[in-house]
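Feature annotations, reproduced from TrEMBL:
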type	residues	note
BINDING	B:Cys188, B:Cys195, B:Cys212, B:Cys251	[4Fe-4S] cluster binding site
Amino acid sequence: MVSVVNEMATNGADDARNTLTLGPLLFNWSPEQWRDYHHRIADEAPVERVCVGEVVCSKRLPFYEDDIPGVIERLQRGGKTVVLSSLALPTTARERGMIRDLVAMPGVVVEANDVSACGPLAGRPHAIGPLINVYNEGTLAFMEKQGAVLVCLPPELPLAAIGALAGAARTAVVETWAFGRAPLAISARCYHARVHGLAKDSCQFICNQDPDGLAVDTLEGKEFLSVNGVQTLSRTVVNHVADLGTLTARGVRAFRLSPHTCDMVAVAQVFRDVLDGAITGAEGEARIAALMPGAIFANGFLHGRPGHQRVAAAAG
Amino acid sequence: MTTTYTAPAPSAAWKPKGRLELVCPAGTPAAMRAAIEAGADSVYCGFADETNARNFPGLNFSPAEMAEGVAHAHKRGVKVLVAVNTFPRAGEPAAWHRAIDTIAECGGDAAIVADIGLLDYAAEKHPRLRLHLSVQAAAANPEAIGFYVERFGVKRVVLPRVLTVAEIAALNREIACETEVFVFGGLCVMAEGRCSLSSYATGCSPNMNGVCSPPSHITYAQERGEFVSRLGEFLINKVPGGQPMPYPTLCKGRFSANGETAHIFEDPASLDASLLIPPLADAGVTALKIEGRQRSRSYTDAVVRALRGALDAHARGLPIDSRPLMALSEGASTTRGAYQKTWR
């Protein structure tokens, strides 16, 4: 526990080291896929932190929860800091109890994805996930006072706000969304069930058919959104690999990669290479595009534009 | 039209025991007066800038209008709740801090706030200012609500539209503050304050700019005999020529998924929970909120009168007549939303 806390705490705002975090897997993959993915990340991915846990739908958890302790151990053996991510919208008594289970696990940092987790986590080092609204210095300072050591900002924040927050952070590492479909909304209603004419309570886990989300198009066939159970994500894949220079110049030192079915070890390696100056941002973009054929990439939020848009990054 | 309703005196306790408080929208000073005339117990409003989540042209109050509005409302025994419920912009919190200061200065009865940093500011700087947690904070369970009550002394939470009546009843048994729930008007299908759909399509966000699916980004066109609406670059709906087009709110649009064309997220229905007033009262709810600060003064008058009638009927043990409200619903279809579990 101490070493984990030290890793998080000493990696403060003044530390120049750039780090990568693999966010929690947001989709409903088979237990085998879930385990294989985490094992491969543990053994091969050049990332500092890995988030594990169910953020979107508590009904998915029983399929893989028995594998979680083994995965944590393997990730730690692989030198990764393990972050346990909490549920985004806990409502039932069982869901509310899940945070107590997370808080009780030794040797890990827990990431709050709903304010309900902030009370139980106060007074101990913890992380604040991107689904909690940290939009300004006042909120960031309050979260730091409560013990937050890692704060992943909401994906819709523009560069000016990100820079201001990275500059204002005193004890927490400020992290930004760097790769993957952006989480845009969370609801009590399950859209996967609704699209399939099912009720949420008897959903047949139909979201397992769409390991990167169910495509939602406009009536004229334009690609628009992705449905993932109770969550709605962007259809475009956020990709800030060519913006890393701009972000590090503003003081951002941690970047979140959100898992998809593409080769996430390779994605992480591209980000690592760009951060290390081994390849340019433009080369990084080309490599990411090759890893996700057919994907439409976007960075509009970062540039204060509609989130689905792509703005050409400055050279480098 | 007169009602049997008598507004409580300003010196009275916050709420006469056992009686539901009717919280009414006041998008403009004129709408505020209309709501007060029509029987509001409280009105809610905001300043004419990005500090509130209904930041539309022609709406809202200047600081001087707010002071006048508060004075007028207090003369009539009506409370004024002021929404400062967007999330302050990093590096530029001054406008949000000033809004909180102004509420305290002009005697507003409560500030409705969503942002943790701003709650911290208000609690520290104006410890006597009553704080309500905005629906934009989407606090949906006892632990989240407890966080705000314990840290900032929040006295009331406006519940997100994700809970069933039974869940609200259970919640009220576990929390140390009042609850306010939406009874009528527009319906967010996403957890409020946790939705970036609008900024994904337009760059303008409820959390940062106080707008959702803003009119400035909407276009209408006739295409091949059909009437289409777009939000930014995205087609939200199309209807045969001559038929009415609902306002193209992103989550109420028609899209295609899995080979089907449908209202993937929600039908263009509005919330009408008037028939749920008795169970909501039994669930321990303190206040019922009418959505619609963006609506006209005449709409405000009509909707407040209709709900005043419903609440008065309930107080006298009479059945609730929902017909006056049916005529006021957008798209003429209504839903009880998440209050009934099958909605999910």
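Yeah, the Cβs are placed from backbone N, Cα and C, and that goes for glycine too.
Feature annotations (TrEMBL) mapped to structure.
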residue  : record                        : DSSP class
B:Cys188 : [4Fe-4S] cluster binding site : coil
B:Cys195 : [4Fe-4S] cluster binding site : coil
B:Cys212 : [4Fe-4S] cluster binding site : coil
B:Cys251 : [4Fe-4S] cluster binding site : helix
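Here the binding-site residues are B:Cys188, B:Cys195, B:Cys212, and the ones sitting under 8 angstroms from chain A, going by CB atoms, are B:Cys195.
In the structure shown, the C-beta of B:Cys188 has more C-beta neighbours within 10 angstroms than that of any other entry among the binding-site residues B:Cys188, B:Cys212. Taking every protein chain shown into account, B:Cys195, B:Cys251 are the binding-site residues, and of these the Cβ with the most other Cβ atoms within 10 Å belongs to B:Cys195.
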